[in-house]
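Colleague: The repeat 'PPR' annotation in TrEMBL covers 19-53, 84-118, 119-153, 154-188.
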Amino acid sequence: MDKARRVFNLMIEKGCAPNIVTYSTMINGYCKAKRLDEAMELFHEISQKGPIPDTVTYNTLMQGHIEEALELFQAMRNRGLGLDIVPYTILIDGLCKAGHIEVAKELFHQLSDNGLKPDVYAYCIMINGLCKEGLPDEAYRMFGSMGDNDCLPNSCCYNVMIRGFLQNSYTSKATQLLTEMVGKGFSADIFTATLFMDLIVHSNKSILL
């Protein structure tokens, strides 16, 4: 990144003003290198001097820390940028990972208020977040409501929901859902299969004892 920044600075010195694509590329590089302070510094630079940040720039930065993501999300709204499902999903994912499940739920339900429908990826994130917070029943209700938004569960959603059941000791429901998943032509991924194998081993040990 240091070499990239030197080239970037040289462009400016030579009178070649970077466009928004160049800035977004630099910001993305800093984010990937976990150098968020420098990413934010560049963002503030373009916010004050131009070029005007676009949706790609905001989305890139939102994948950093959740506090900054919330601020950037509000800034996107204030600028009147057309928000699609992507920034919502990025923020919901960050909120779930940070344990802010109630805020994530609120944002998820705002999608329909803003004329957007959650896609299968957004559903998977919310279902996983709810399960990790010990709310498998609520997660399953959301799983069951996917069809209301013309979004049917795929293999990923089934696996996430099954793992959520297993991690919360809902063994019977996990087994039932696995049977349903296989009946629809999907298969368990390596993580789900491992959890089931651990369960079988644990059950056998319990029987032997």
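Quick reminder: no glycine exception, Cβ is built from N, Cα and C everywhere.
Annotations in TrEMBL come from automatic prediction, not curation.
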Colleague: Quick check on the repeat 'PPR' (84-118): DSSP residue counts for helix, strand, coil, in that order please.
Modeller: 26 helix, 0 strand, 9 coil
Colleague: Would you mind splitting the repeat 'PPR' (154-188) into helix, strand and coil residue counts from DSSP?
Modeller: 26 helix, 0 strand, 9 coil
